[in-house]
Amino acid sequence: MILGKHASIAGGIDKSLKRAAEIGCNSVQIFVKNPRGWKARVLSDAEVERFKINRKKYNINPVVVHAAYLINLASPKQELWEKSISALKMELSRSARLGAEYLIFHPGSHTGSGIDSGIKRIAEALNIIFSEIDDSLTEKTKILLENTAGAGSSIGQDFSELKAIIDKVEQSEKLGICIDSCHAFAAKYNLQQKSGLNKLLSDLDDDIGLSMLKVIHLNDSKHNCCENKDEHAHIGEGKIGENGFKELINHPKLKDLPFILETPWFEDEVDQDVILLEKLRY
Ligand SMILES: [Zn+2]
Ligand SMILES: [Zn+2]
C-alpha cells in the first residue's frame, strides 16, 4: 500500500520525510511554504539537496505538495485572482525543484459570481500559468484539482464541474484529479457502503475518466453524508467508519494509488490511522 501523511516542514522541508517514515509511511504530503500566507521564504539549494537525499534515504514515493489555502483561481476579484495565479506558479516551481510528482490545489470559490463564471476563471488562470511557465516544470509535477465538500460557493463538489474546467484548459494533459474521501462524502457519496464508493467511481469515470485520478486523500468525516460540511476526522472515528475505508483502500481500481492521511496526531503520539489502515488492508 502506498500510504502517506501530511507532514510538518518545521525546521526545514527535508525534515518532513523523516517524520513520514517514522510513522510507517512510504509517501508524504507537504506544504512548500506557509499555507496561510502569501509570502514564502527563499528555498536554498542546500535545503533542496537535503530533501532529495532524505527522500532516497527514506524511500518516499510519491511526494505530494498541497497548495496554500488562500489561492482562489475562481475569484471574480481581479487583484486576488492575479495574486492567486502568481502564487500557484511559485508553488509549481518550488514543487518541481523538489521533484514532487503532484501539486494539489482546491479549485476555489466563485464568491457570488456563479459556478459557470468561476469555472471559466479557473480555466483561464490555468491557461495563463501553462503558457507562462517552462514545460520542464509540468513534466516533473502534475497539477491536481481536488474535489470539494461543496461548502459555501466552492467549485468542484460535482465531477462535472471539474470536467468543465479540464475541458477549457488547452494543455489539460498537465492536469489530474485528487479525491478527498471526506469531501466526496460531504458532497454526495455515501462511502459507508460499497455501493456509494462504486457510484463515485462510475461517476468519476463517466465524467472525467478514472485514469486522471492520481491521489486519494483519506479523511473520515465529522458530519453526515451530503451535508456539505468539511471537517475531517481520524479514520474510523467519523461517519464514514472503518468499513467504508476497508472498501476504499482495497478496491481493485484504487489499491495502487497513493493514499494520503491529513488528520494530525500530536508529535509524540502513535499514529493510530496508519496502524488501523494496515489492519484493514488485505
Ligand atoms: Zn485539500
Ligand atoms: Zn477537507
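Please read every residue number as a count from 1 along the shown chain.
Using N, Cα and C of the backbone, Cβ positions are placed for all residues, glycine too.
Here's what TrEMBL has on this protein:
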type	residues	note
BINDING	His66, His106, Glu146	Zn(2+) 1 binding site
BINDING	Glu146, Asp180, His217, Glu262	Zn(2+) 2 binding site
BINDING	His183, Asp230, His232	Zn(2+) 3 binding site
DOMAIN	17-272	domain 'Xylose isomerase-like TIM barrel'
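Counting every protein chain shown, the number of other Cβ atoms lying within 10 Å of the Cβ of Glu146 (Zn(2+) 1 binding site) is 19.
Among the binding-site residues Asp180, Asp230, Glu262, the residue whose Cβ has the fewest other Cβ atoms within 10 Å is Glu262. Across the domain 'Xylose isomerase-like TIM barrel' (17-272), the model assigns an average pLDDT of 97. The Cβ neighbour count for His66 (Zn(2+) 1 binding site), using a 10 Å radius over every protein chain in view, is 25.
Taking the Cβ of His217 (Zn(2+) 2 binding site) as centre and 10 Å as the limit, one finds 26 other Cβ atoms among all the protein chains shown.
Taking a C-beta cut-off of under 8 Å and a sequence gap of six or more, His232 (Zn(2+) 3 binding site) has these contacts in its own chain: Cys182, Asn219, Asp220, Ser221, Lys222, Gly238, Glu262, Thr263. The CA atom of Asp180 (Zn(2+) 2 binding site) is located 12 Å away from the CA atom of His66 (Zn(2+) 1 binding site). A strand conformation is recorded for His66 (Zn(2+) 1 binding site) in the three-state DSSP classification. In this structure, Glu146 are the binding-site residues from Glu146, His183, His232, Glu262 whose C-beta falls under 6 Å of some atom of ligand 1. Annotation for the binding-site residues His106, His183: lowest Cβ count within 10 Å of the residue's own Cβ, His106. In sequence order, Ile104, Cys178, Ile179, Ser181, Cys182, His183, Ile216, Leu218, Asn219, Ile260 are the same-chain residues whose CB sits within 8 A of the CB centroid of Glu146, Asp180, His217, Glu262, the residues recorded for Zn(2+) 2 being left out. According to DSSP, His183 (Zn(2+) 3 binding site) sits within a helical segment.
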